[in-house]
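As recorded in TrEMBL:
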type   : residues : note
REPEAT : 103-136  : repeat 'TPR'
REPEAT : 205-238  : repeat 'TPR'
REPEAT : 307-340  : repeat 'TPR'
REPEAT : 375-408  : repeat 'TPR'
Amino acid sequence: MADDFAKAVQLHQAGRLLEAVEIYQRILVSNPYDEGANHLLGVACSQMGQFDLAIHLISEAIRANDRVPDYHVNLGNAQFSARRLPEAEASYRRALALNVDIPEALFGLGNTLAQTGRLDDALVAHERAVALRPAFVEALANMAGVLNRLGRPAEAVDKLRRAVAERPGEASLHADLGRALLATDRPAEADATAARALRLAPDSAPILVAAADVIRARGRLEEAMEHASRAAELSPNYPPAVLILARLLRAMGRDERAAETYLRLAGIESAGVSHLFEAANAMNEMRRLPEAVALYQTLLAREHDHSEVWNNLGNALREQGELDRAAECYETAEKLCPDDPIVMSNRAALLGSLGRVQEAEALSRRVVELSPGAAVPLSNLGQALYAQGRMEEAREQFDAAGLADPDNDDIRFHRGIVRLMLGEFTEGWALYEARWGNRKRADVHRHPGTPQWRGEDVAGRTLLLWSEQGFGDTLQFVRYAPLAAARGARVILEVQPALVSLLQGMPGIAKVVAVGGETGPVDLQAPLMSLPLAFGTTPDTIPAAIPYLAPPPERLEPWTRRLNASLPPGSRIGLVWAGDSRDHDIECTLIDRRRSLALAQLQPLLAVTGAAFVSLQVGRQGLQARDETRVADLTSGITDFADTAALIAGLDLVISVDTSTAHLAAAMGKPVWLLSRFDGCWRWLMGRDDSPWYPTLRLYRQPKAGDWETPLARMAADLAAWLKGR
């Protein structure tokens, strides 16, 4: 039997595993308790990927003799491979309790600690292993990996150079060294090292991936793609190959293929948590929210206590509008990782979006205490204060956030908005340009290749002015188009299709096209909402001459006839009670909920006698007029804003929430009474009931969030007096 065991060991050491296994099994048939055979059969099973069987067999050997350190080390190795990390750590520690100077036990312990995020402890374990065996290449390489994760790439380079010196022919070491050199800003050395790795192993998927990573960082995307594609071809189910391919496709602007490639990871059994997490985050960033949510949920089924995944799932659900589920995710993440400022900041932002601004303020202040000087918590606090109308305090927090992170475009944007609200236009318009740094806004910029006009001499040049946000924004800021024409520009307007007919009659405009239409060659472009900056607009220099919009003459007669046929003579008042929810954008949807009413809430106005009320409400909210006999509904004939303008032309007053119809009526010079939510839009400024943008507009503001009764009661009294005076 001893001869059989010696022969099996010899075969095992020669790599002839199946032959060795056969002999180990024969020995165990004769003696099931043979500790040596159980141990080495377990090691062989572990080498063949049969980790559960390996754990069972080595455990049998330990039952027979628990004083052999190697048994515990190899049990730990099998447990580590089976992802049973707490058990693996315990096995390595038992081995070290028997003998503190076992490099393999320290190496295994270091790997386990690194996997569980205890990087400092992992580094100590690897250092002890290398101190005992200076030429321990695997420990040097893994120590370098830990140092990289700790943000110490220069030290990682040193360890990898030592490893390469021991094994100059090992391609993976050169590949790791190339990545580490790149992290220390030595791109030329990184390139040369990656090339050396490729020469050593030109058909190795891991080496091809590492080379692609280095070359990608050098900006040579096509060359990197060749290596990544080859890696994926050689090993289609190798997660790092799939990931580098997806990263490159995304970097090259091929988002559809990138998304398909990321999603392949969900079907690859060997894809780890980090691989799936990157894929889920990429889906989130690409606004493919259902796929992101599905991947996060797959991750949580595998690793339920991963606080970052819970947090990011909350972010994706919030973007989808599933706010209650998002709140649950943030709460779970906070329980798993108490006082995590990122999670708390996200929950504070969600509370603000839900209108729970006092809670948002309190939580934001707590995060600021935990992370003094951090930009995002300061910005969140600013937003909570802004929503409560505490503008000076909000400005203070936004400015502090700006000092902490001066290049953060979202923070610059908020700094601009609070200044515009306070009437500080000069600085406000300049900061408002930061809106293009937001990923949602950046996608809207349709003409990034054409120079932007910023107010310089434009005489004799063709200037394209284009809509970027909602209908109301276009109607408000299109007033600048004739002013640009007056400076000698040939002005082309590119606007939403529903506005084309209305705006074709504006003076000085050479051409009006719908978004995506043919503009012809242009010299300069400007988004409409950047024109106040180009013209240096202050509250005192707003171009407020009205009317600057009018319906096309051919639309007036049929609408006048229809209006007269439907209503008796007398005062005619148009009503708009709700906005457009824009279901694709949760922030817009939440704002719409705060600005909109139901028609039934306008009863105080409808009870005022002496006027005929006309619905100007289009869309699904307009259906409410069918059940209200005091409101005539003619909107079925409206096809675009030119029709709406023709209908408004026959009215004496328009009462509206903050919508595009209010802008249209005010731009036509009609009296407009606007119901403004408590956290009203910046364009209406602070503490006034008139508007420098529209001389005929009067504001009725909520005194507190959700309170429409107070402004409606005041408006009803004013309406009765207005009608009496006519």
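For all residues, glycine too, the Cβ spot is worked out from N, Cα and C.
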**Q.** the repeat 'TPR' (307-340) [mean pLDDT, rounded to integer]
**A.** 93
Q | DSSP helix/strand/coil residue counts for the repeat 'TPR' (103-136) | A | 27 helix, 0 strand, 7 coil
Q) Taking DSSP states H, G and I as helix and E and B as strand, how many residues of the repeat 'TPR' (205-238) are helix, strand and coil? A) 27 helix, 0 strand, 7 coil
Q. Mind checking which residues reach the repeat 'TPR' (103-136)? Cβ under 8 Å, same chain, six or more beyond either end.
A. 69-70, 72-73, 76-77, 80, 85, 88-89, 92-93, 95-96, 142-143, 145-147, 149-150, 166
**Q.** Secondary structure composition of the repeat 'TPR' (375-408) [DSSP: H/G/I, E/B, coil]
**A.** 27 helix, 0 strand, 7 coil
